[in-house]
Amino acid sequence: MLTITAIKAFNDNYIWVLQQQPHTQVYVVDPGDASVVIDYLEANQLTLAGILLTHHHNDHTGGVAELQAYSQDRLTVYGPDNEKIEGITHPLNATAQPRLTLDYMSGELQVLDVPGHTAGHIAYVIADALFCGDTLFSGGCGRLFEGTPAQMLNSLQQLAQLPADTRVYCAHEYTFSNLKFALAVNPNNRALQDYNERAIALRRQDKATIPSTIALERAINPFLRASDTEIVDSIKQHFSDLNHANLDELGGFTLLRQWKDNF
């Protein structure tokens with residue numbers, strides 16, 4: 001059985017720990033902070049076997065060197081082959097190597113090319129779990145620091161095509177703020193209203209809203225539904241000074257991301 005555990009880091013990061021029972025060797029996803037990972041390993045008598053990196057931002061990679069030293073340079077470190085990340089031992093290209101196997105893990109690890117937030121961002125799927133870094137958030141998506149709106153839209157559409165029961169393990173607890181924006185854009189969405197109430201209740205108890213599921217995100221995430229009639233109407237109303245005669249899905253998505261950036 002694969003167990004997935006969250007380690008909180010910084011203000012709102014999640015570092016995900018993957019453990020295939022009964023093994024005591026584990027993998028971590030995007031360890032921006034080594035100290036919290038080491039504390040978790042030692043408290044649970046676990047050994048770190050490897051690291052999965054989604055992109056180069058320091059809050060996702062900052063702990064790699066210290067964890068490698070802690071593990072006496074025995075770690076396998078996976079990450080995108082077209083981003084400058086110190087410490088990667090196994091650079092990945094999703095086109096050339098879309099699947100691989102990990103020691104101590106059952107089944108294959110699928111690698112997805114999801115540029116947008118950064119130019120080389122990748123995501124991982126193992127069993128029914130998606131680790132998508134800063135590409136897809138619950139109720140939102142990542143800012144476009146390096147990629148284009150077209151790249152991000154394509155990446156999100158790719159993720160939205162995963163099986164509905166796929167669990168979404170993003171890297172930040174941004175759900176509450178994302179849902180505020182989603183409700184401004186899509187106020188009559190009952191599924192969104194219900195999810196917002198659940199998210200508020202969870203955060204009041206200091207509990208994580210993650211993981212989400214692909215099914216839920218298809219229903220409530222405006223960035224997966226940029227061509228929905230109510231969302232298109234909201235975009236046109238918000239950007240009323242623009243000519244929307246030929247507004248297509250990419251144009252709507254671009255304006256939606258611009259709106260969120262200034263929300």
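Backbone N, Cα and C define each Cβ position, glycine as well.
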> The Zn(2+) 1 site in Swiss-Prot includes His55, His57, His117. Which of Asp39, Asp73, Asp134 is also listed there?
Replying inline: Asp134
>> Can you find which of His172, His238, His244 Swiss-Prot lists as binding Zn(2+) 2 at the same site as Asp59, His60, Asp134?
In response: His172
> Does DSSP put His60 (Zn(2+) 2 binding site) in a helix, in a strand, or in coil?
Replying inline: helix
> Listed binding-site residues are His55, His57, His117, Asp134; which of them have CA atoms within 10 A of the CA of His172 (Zn(2+) 2 binding site)?
Replying inline: Asp134
> How big is the Cα-to-Cα gap, in Å, between Asp134 (Zn(2+) 1 binding site) and His60 (Zn(2+) 2 binding site)?
Replying inline: 10
> Counting only other Cβ atoms and using a 10 Å cut-off, which of the binding-site residues Asp59, Asp134 scores lowest?
Replying inline: Asp59
> Do any residues at least six apart in sequence from His55 (Zn(2+) 1 binding site), in the same chain, have a Cβ closer than 8 Å to its Cβ, and if so which, in order?
Replying inline: Pro80, Glu83, His117, Thr118, Gly120, His121, Ile122, Gly133, Asp134
